[in-house]
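Undergrad: Provided herewith is a single structure, encoded as structure tokens, for subsequent inquiry.
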Amino acid sequence: MMSETIITTPHVVKLISNFFQKKLFSSISTAYPLVIITDVSVQQHLLGPILDHIKMLGYQVIVLTFPPGEPNKTWETFISLQYQLVDQNISPKSSIIGIGGGTVLDMTGFLAATYCRGLPLYLIPTTITAMVDTSIGGKNGINLRGIKNRLGTFYLPKEVWMCPQFLSTLPREEWYHGIAEAIKHGFIADAYLWEFLNSHSKMLFSSSQILHEFIKRNCQIKAAIVAEDPYDRSLRKILNFGHSIAHAIETLAKGTVNHGQAVSVGMMIETRISLAEGVMKTPQLIDQLERLLKRFNLPSTLKDLQSIVPEHLHNSLYSPENIIYTLGYDKKNLSQHELKMIMIEHLGRAAPFNGTYCASPNMEILYDILWSECHVMRHC
């Protein structure tokens, strides 16, 4: 496989064996500087050969970097990068390429959408999370005053180029974090993917064929949802399953919990809410979800995050009141006092709720489930 186009709508996604293909860059003009956005970790470990190849093709390349990690996906980083684009006098006809994980792609997408009202955008994801989730669908965001993705836009890339070889540089834990989003895709929309993950959990790390099928299936699931609802008004909301709780965890834990870990716990809690609300009728699905998460060394309870979150943040995180207050900032809400949440109907199907795909949880049920999670922690 040199290059396989696995998605054409809402934007092109190509699965490639390497980047040393001249035709890959054929749609990008050499008449204007090519801007690359990445973090310092990717710059040190992956960027060199790609940069040499791009320069060999005749491009003038400007590389802008920022420190890695979610805590740096901030307004301050965004403005600093915008200033650098202005200082370099980057033309509106220049293309911008984001190379990295979810944080880099979020930041690059927001930069591309806002600089000169839009630069041609290309994305090169280097992590599982970025390949199966962040790079698909054109949604981007940065954090503001510690609130997850408070600022953002919908801005589609021209193309996304995925090279699974990049994943060989990742520690196994990074793979696991990305697989949380894949488990979500199976849970809300595709029972086949769910069974695929159950059947191929070990081969995923050793078989390139299985890995390619895994990436392809996830991209196609998300792309189909986005194509039907590009602006997050109805069906696309189901992609937020597990994320209401997850974003509250990430906010209260001050970025010390990885997004995949937070989504993993968020899915478990929101599944319990779905059952308690009577939306889901199969209690065994909770155990099935937990077993699959554990197979990939993912947490399933707030208690599982105890060793990750610094002790001085425990009182903040392990408080039902704090979690509910932080849920008030979730973008699905109609107001801070009218929470909205995605719920599961059965395996492979999120509850439609008459086409809104989200509903207000019973606050007593929500509090009781959060209290049971936090109460265990307070008595450890």
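Cβ from N, Cα, C; glycine included.
What you see is a predicted model, and the numbers here were worked out from it, not measured in a lab.
Features from Swiss-Prot:
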- 68-73, 102-106, 126-127, Lys139, Lys148: NAD(+) binding site (BINDING)
- Glu181, His243, His259: Zn(2+) binding site (BINDING)
Undergrad: I need the nearest neighbour of Gly102 (NAD(+) binding site) among the binding-site residues Glu181, His243, His259, using C-alpha distances.
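TA: If we rank Glu181, His243, His259 by Cα distance to Gly102 (NAD(+) binding site), first place goes to His259.
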Undergrad: If you skip the near sequence neighbours and keep only those at least six away, which residues in the chain come within under 8 angstroms of Pro68 (NAD(+) binding site), Cβ to Cβ?
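TA: Correct list: Asp39, Val40, Ser41, Val42, Gly100, Gly101, Thr103.
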Undergrad: Using C-alpha atoms, which one of the binding-site residues Glu181, His243, His259 comes nearest to Glu70 (NAD(+) binding site)?
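TA: The answer is His259.
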Undergrad: Around the Zn(2+) site formed by Glu181, His243, His259, which additional residues qualify by having Cβ within 8 Å of the site's Cβ center?
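TA: Other same-chain residues with Cβ inside the cutoff are Thr129, Asp133, Ala180, Lys184, Gly242, Ala246, Gly260, Ala262, Val263, Gly266.
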Undergrad: Looking only at C-alpha atoms, tell me how far Asn72 (NAD(+) binding site) is from His243 (Zn(2+) binding site), rounded to the nearest Å.
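TA: Given the Cα positions, Asn72 (NAD(+) binding site) is 20 Å from His243 (Zn(2+) binding site).
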Undergrad: What residues, ordered by sequence, lie under 8 A Cβ-to-Cβ from Val104 (NAD(+) binding site) and sit at least six positions away in the same chain?
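TA: In sequence order, Ile37, Thr38, Asp39, Val42, Gly98, Ala130 meet the Cβ cut-off.
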Undergrad: If you count CB neighbours within 10 Å, which one among the binding-site residues Glu70, Asp106, Glu181 has the smallest count?
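TA: Checked Glu70, Asp106, Glu181; of these binding-site residues, fewest Cβ neighbours within 10 Å: Glu70.
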Undergrad: Nearest by CA distance to Asp106 (NAD(+) binding site): which of the binding-site residues is it, out of Glu181, His243, His259?
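TA: Nearest in space to Asp106 (NAD(+) binding site), counting only the binding-site residues, is His259.
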Undergrad: Provide the three-state secondary structure of Pro68 (NAD(+) binding site) computed with DSSP.
TA: coil
Undergrad: Cβ neighbours within 10 Å, counted over all protein chains: which one of the binding-site residues Asn72, Thr127 has the most?
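TA: Its Cβ has the most other Cβ atoms within 10 Å: Thr127.
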